[in-house]
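Look at TrEMBL and you will find 19-257 tagged as domain 'Glycoside hydrolase family 65 N-terminal'. Annotation source TrEMBL lists domain 'Glycoside hydrolase family 65 central catalytic' at 320-699. Annotation source TrEMBL lists substrate binding site at Trp355, Asp356, Lys611, Gln612. Annotation source TrEMBL lists active site, proton donor at Glu498.
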Amino acid sequence: MLNYNKTLPDGAPGWVVSEDQFSSLALAKCEAVMSLGNGYMGLRSATEESYVGEKRNLFVNGTFNRFDELEVSELPNAADLTKLDIRIDGKRFTLEQGEVKAYSRSLNLRDAELVRTFIWNNGEGKELEFTFRRFVSLDSLHVIGLKMEVKVLRGPVNLSVSSGIDAQVSNSGSQHFHEGEKRIYDKTYLELIQTTTESKVDFAIGASHRLKVDGQLVEVAPAMEIDRRIVAVGYSLRLEEGQSLTFEKVATVYTSRDKEFGDNYSLPAMREVALAALKTAQESGYDALFSSHTAAWAKVWENYGITIESSNPFDLLGVRFAHYHLVVMTPAHDNRMGIGAKGLSGEGYKGHSFWDTEIFILPFYIYSNPEIARSLLEYRYLGLEGARNKAKENGFAGAMYPWEAAWPSDGEVTPVWGAVDIVTGEQTKIWSGFIEQHITSDIAYAVWHYFRSTGDTDFMEKYGYEIIFDTAIFWASRLEWNEALGRYEINEVVGPDEYKEHVDNNAFTNYMAHFNIELAMDYYQELEAQSPELFARYDELLNLKEAHKVWESKLNLIYLPQPNEDLIIPQDDTYLQKEIIDLTPYKDQEKVGSIFNDYNLDQVGNLQVSKQADIMMLFFLLENKFSPEVKRANYQYYEEKTLHDSSLSLSTHSILASDFGDKELAYRLFHRATEIDLGPKVHSSDAGIHSASLGGIWECAVMGFAGVRMLDGKLHLAPKLPEHWDRLSFPLYWQGKRLEVNITPQEISITNVTGGSIQLIVHGKQQEVHESATFANTSTL
Ligand code: BGC
């Protein structure tokens, strides 16, 4: 359905995701996959004219609101700026009527512009050529640009366009906003204020228009409209055959959450700033704004530039697509915000952050843009308040991170009720917010990963140690003593595999808790010996000496499930005793979760069937703790039982397959990962793109095929390029230095752009790189 073979106007391949035929069935998928954004806001790509089933979403990062007590905090859907009511000779324009030729809608990843073109015949002898363009500025985070060009091929026509700011939208029915003031200044500048109902975040949204006929500015007096939750203007004009209209709309979005307003925020002052910005944007016009935007994107591509020479050009496009969306979804401008599991591209998961960020996305930033990695971890530091409250509420000590996070102080925001239970007909209870607890050690792990790869001691001293100590304090209080077996256990949890609820001793959870406490003990010793002042600060804040005594007494008694006689590590205490069924009917289906057509969650809980990578995650994160034989045996055992019903699963499997040297399998799984959003399944991305999977695609290439790893504080490279690839090159940050890595089947060359020297291990052998060095791409082990 989607076409990946289009080139850019200058002939460059591998940058365009396009749709060649309008399909009302694929509306949602294209809206999400082609969504635009700049980390400050995200705009779903609904078409200008309306269709049944469309979702018009504009999200501003961090503006969470709780609609009422029965719902959880979510990112509210702000007023729509994209809808145009277009009439030709008095009749509403729609692609569902008339004849459409030469249709194409494409997302240009390089310039981050959405372009839609087609020729439309109204069935009554009139023919028009339409081109719509749109971008969300990466240069001016508050600005959106839209442009429509209409050329009359067979006319004349009477054309009218109504356009404005439409706050008659909701989040699937939940209305997050109070109605605010609306105004039109000088018949040109439209303004709509809306305020969230509970969090009281003000939004000031502005829009203005400019019309040109045959390239000449024209003044058309607009019909002005203000009504409930809407402000709009309408323009009507007659166009002769051969004439063309250019209709530009620029829009600005500001909110009281914007960092720049700080503590001095007032609504009148924000309105003034917003109006001034709208006037400046209007003066610049679409083209000038767009050119600053493309310059900002050019810098992104320069920084993240990855090259893949593959027999299949789609591979590079798939990785660029991941890069594109990672930039679009990440609030690089503000450390009070995290990354949503669907980015800013849909209502799915309500804009909440999960372990997806720390485990699947953060590695990309650690190795490609460490400053952003730091900002994302600072978000978790700010979340300590909510994490401490959650621990207390649950009767534990320390910091127990929420499974789903929104505004840092919100604490736990996982909804309690989910999809239908096919047996009872009731809603299924979602247990993750209560008992999916591994998120706490995932965050500690991410802090460690960041620190060991960047050497950022400033971060650790301000934020990192505190996270690691307080999460270890949580785990120590969470452990349960089993008198009969003389060990500490962690019972009644959900591990990464969410098809198993209320399990005891999920291996991933136990190992990661152990890791978290051990890490805190290491840092305790380090600080005590080397930084007495810091040590004293944390001792006072967290009663560290007492905590250390507890860690010491418990660490070695934590139960870490071991491989059985077949080398299989039990995923939890009962997994291996459960019934095994043929999962063929449920694997790789059009829609994930097809097993729930036949079983409810309780029944699935009694089968050896997994939603996603679980023990495999352990092999990836704590790879030194397990032998290659154990990893392989478990891979084989569990993969058969894994439905990959979570988008977090395939990339981890691909990386492990690379580690095993199974290049073909690793490549196949990488492809399946790219197809989660870009594949032919028409509803795969309806609720939004899959953030973690996009981070995972980068991980497949860099951590899988290039074998990049941080092990024991050292950088490792052990490339195993897929047979289809002749080259993989990418930037890599290590200890504050930028390296450029270029891998071919024969050679690995590394350029140290920053200067100085770096140590690393290439295919198991210690090496040093000053300016640049080249090594043979063969395993010396
Ligand atoms: C997965 C989780 C993931 C969440 C958000 C769920 O379906 O099971 O592991 O964190 O989606 O992506």
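Using N, Cα and C of the backbone, Cβ positions are placed for all residues, glycine too.
Summarising model confidence by region, the domain 'Glycoside hydrolase family 65 N-terminal' (19-257) averages a pLDDT of 97.
For the pair Gln612 (substrate binding site) and Glu498 (active site, proton donor), the C-alpha distance works out to 8 angstrom. Neighbour list (Glu498 (active site, proton donor), Cβ cut-off 8 Å, at least 6 residues apart, same chain): Ser432, Glu436, Lys611, Gln612, Ser646.
Per the record's binding annotation for substrate, residues Trp355, Asp356, Lys611, Gln612 show a top Cα-Cα distance of 16 Å. The Cβ of Gln612 (substrate binding site) has 22 neighbouring Cβ atoms from other residues within 10 Å, across all protein chains displayed. Counting Cβ atoms from all protein chains shown, Trp355 (substrate binding site) has 26 others lying within 10 Å of its own Cβ. Excluding Trp355, Asp356, Lys611, Gln612, which define the substrate site, the same chain contributes Phe354, Pro496, Glu498, Ala613, Ser646, Leu648, Ser649, Ala692 within 8 Å (Cβ to the Cβ centroid), listed in sequence order. Around Asp356 (substrate binding site), the same-chain residues six or more apart in sequence whose CB sits under 8 Å from its CB are Ile339, Ala341, Leu648, Ser691, Ala692, Gly695, listed in sequence order. Cβ neighbour count for Lys611 (substrate binding site) (all protein chains, 10 Å cutoff from its Cβ): 21.
Annotation note: Lys611 (substrate binding site) sits in a coil segment as assigned by DSSP. According to DSSP, Glu498 (active site, proton donor) sits in a coil region rather than a helix or strand.
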